[in-house]
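Inspection log for the structure reproduced underneath, given as structure tokens.
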Amino acid sequence: MPPPPTSPVTPTAEGDPRRWLVLGVLCVNLVLIVAAVSSTNVALPTLARPDTLNASQTGLQWIVDAYAIVFAGLLLPAGAIGDRFGRKGALQAGLAVFALASLVAAFSGSTGPLIGARAVAGLGAALIMPTTLSILTNVFPPHERARAIGIWAGFAGAGGALGPLVGGFVLTHFWWGSVFLINVVIGAIALVAGGIVVPTSKDPERSPLDPVGSALSMVGFGGFLFAVIEAPERGWGDPLVVGAFVLAAVLLVGFVRWERGLRVPMLDISLFRVTRFATGTLTIAMAFFSLFGMLFLATQYFQYVRGDSPLVAGLALVPNALAMLFWAPRSERVVQRIGARRTVALGLGLHATGFVLFSFAGQDTPYALAGLALLVIGTGSGLAMAPTTSMIMAAVPMNRAGMGSAVNDTAREVGGAAGIAVLGSILATRYRAGLGSLLDRLPGPVAELVDRGVGQALDVAAGQGGAQGAALADAARASFVDAMALTLRIGALTAFVTAGLVLWFLRREAVARTTRAAEPAIAPVD
């Protein structure tokens with residue numbers, strides 16, 4: 001007889017009898033919280049309209065950033081909470097918080113309550129994400145774990161690309177609040193399903209709480225994300241940005257020193273001496289650095305340069321999501337043939353190649369080029385991300401699975417936020433340079449709007465009309481395309497460099513497994 005859903009689970013050679021159903025529920029949770037970022041991005045132009053919330057540019061930025069900062073800042077303590085008190089309880093609590101916050105967001109009457117609701121939703125998401133992976137590693141037997149992690153990684157990557165599709169669809173048919181209300185519906189379904197089929201597990205040693213470490217990591221990572229998010233708008237040399245970077249550095253160094261002094265730390269710093277763990281963490285961070293940066297550019301390219309609607313722009317990203325969903329679960333087969341080291345490097349190489357292909361997309365380029373590029377990027381991402389997640393989880397004791405999952409997820413979120421900020425800054429700088437003397441010929445307030453980005457420039461051009469407006473629109477689109485090409489090639493370079501680092505650091509590894517050191521090996525690195 002299978003154990004009841006509420007009983008603690010000890011991994012066995014057979015695994016939980018409902019493990020594939022459990023995985024399905026966990027993936028729904030995962031896509032829900034990942035897509036909550038990208039689907040909101042699609043709604044921002046609507047939220048800025050006077051007939052909705054009339055949100056300012058700063059308000060729009062914080063509608064997105066409040067979620068991201070709280071989400072990433074709380075991942076490490078949230079993973080520890082799941083390990084200590086029970087992963088199912090943490091998952092269900094996170095879902096309830098996320099759904100209720102999304103309900104408040106859907107019916108917010110002004111920007112302030114919406115930002116607050118998004119921050120609370122980030123708290124719920126932080127409880128959800130690490131528990132999905134830690135539950136997965138506990139319900140699957142060693143010989144199936146790599147495939148299960150591959151499926152999880154595929155949905156983790158695809159969620160970012162699926163968000164604009166879902167957001168575009170609901171905005172086309174319903175009012176702006178539906179972008180958040182759909183989270184309530186899906187969250188309620190996932191809450192019920194999780195209560196029925198998901199078993200619980202926790203660290204039998206009941207590791208002590210670490211309030212000091214939690215505070216240091218929360219404020220440290222939160223400060224870092226605040227700095228990288230604000231830097232493109234304020235400037236990298238702005239005193240507030242520099243101060244946030246300095247504060248984050250001091251707190252994170254303090255966090256490392258504090259954790260080293262604990263008998264049972266929230267984050268075992270010594271794990272970063274394990275080559276696979278450190279390399280896997282770096283790879284996840286850099287892969288999402290380029291991937292999230294690309295998605296940030298791609299949505300603007302499809303809507304502003306090609307003139308697609310939000311729904312069509314979301315559909316344009318589908319090849320990326322489908323490729324990740326297809327290849328991530330199948331990466332295990334590639335690992336069996338050529339080893340994890342070469343599989344990850346191959347994936348990053350394809351990831352970078354797709355960026356280079358995308359950099360040749362222009363105003364009049366057929367969609368086929370961008371679609372092919374997105375397909376190649378998704379293929380590479382799927383091949384690279386699943387084995388790296390497996391490397392991270394394989395280095396962590398089973399009873400501390402929440403810690404390993406939280407490290408994986410923190411690297412993902414911090415890397416993604418940094419990618420949007422850094423690549424977005426490069427895009428903005430090149431875009432302004434491309435406009436050149438055109439800005440000097442425009443009146444001050446108009447030039448300031450055009451300088452902010454291609455979307456604002458097209459709004460100004462539409463207001464001007466005639467030949468002058470058409471010329472401004474053409475110049476803005478051309479400048480954006482040029483800036484996008486440079487930015488994508490820089491993103492490709494980061495992926496190529498990361499592939500080289502993977503080959504270098506893992507060159508002496510004898511095996512790369514998705515299981516613990518005591519479990520049977522799966523595939524050689526080389």
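Every residue, even glycine, has its Cβ placed from backbone N, Cα and C.
Per TrEMBL, the features are as follows:
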- 22-510: domain 'Major facilitator superfamily (MFS) profile' (DOMAIN)
- 59-78: transmembrane segment (TRANSMEM)
- 90-109: transmembrane segment (TRANSMEM)
- 148-169: transmembrane segment (TRANSMEM)
- 175-197: transmembrane segment (TRANSMEM)
- 209-229: transmembrane segment (TRANSMEM)
- 235-256: transmembrane segment (TRANSMEM)
- 277-298: transmembrane segment (TRANSMEM)
- 310-328: transmembrane segment (TRANSMEM)
- 340-361: transmembrane segment (TRANSMEM)
- 367-393: transmembrane segment (TRANSMEM)
- 414-433: transmembrane segment (TRANSMEM)
- 486-506: transmembrane segment (TRANSMEM)
Spatial neighbours of the transmembrane segment (486-506) not adjacent in sequence (6+ beyond its ends, CB under 8 Å) are 275-276, 278-279, 282-283, 286-287, 289-290, 293-294, 297, 340-342, 344-345, 348-349, 351-353, 355-356, 358-359, 380, 419, 423, 426-427, 430, 512, 525
Check the transmembrane segment (310-328) against the transmembrane segment (367-393) for contact, please; criterion is three or more CB pairs under 8 Å, pairs 6 or more apart in sequence. yes
When you scan the chain for residues with a C-beta under 8 Å from the transmembrane segment (59-78), skipping those not six or more beyond its ends, what do you find? 33, 36-37, 40-41, 44, 47-48, 53, 90, 94, 111, 114-116, 118-123, 125-127, 129-131, 210, 213-214, 217-219, 221-222, 225-226, 229, 233, 266-267, 402-403, 406-407, 409-410, 413-414, 417
If one takes Cβ-Cβ under 8 Å and requires six or more residues beyond its ends, the residues near the transmembrane segment (367-393) are 133, 137, 145-146, 149-150, 152-154, 156-158, 161, 276-277, 279-281, 283-284, 287, 291, 294, 298, 301-302, 306, 316-317, 319-332, 334-335, 340, 343-344, 346-355, 357-358, 360-361, 401, 404-405, 407-408, 495, 512-514
By Cβ distance under 8 Å, which residues at least 6 away from the ends of the transmembrane segment (277-298) in the same chain are close to it? 38, 41, 157, 160-161, 164, 271, 316-317, 320, 344, 348, 351-352, 355, 358, 370, 374, 377, 381, 384-385, 388-392, 395-396, 407-408, 411-420, 422-424, 427, 484, 487-488, 491-492, 494-495, 498, 501-502, 505-506
Region pair the transmembrane segment (175-197) / the transmembrane segment (414-433), three or more CB pairs under 8 Å: no
Over the domain 'Major facilitator superfamily (MFS) profile' (22-510), what is the model's mean pLDDT? 88
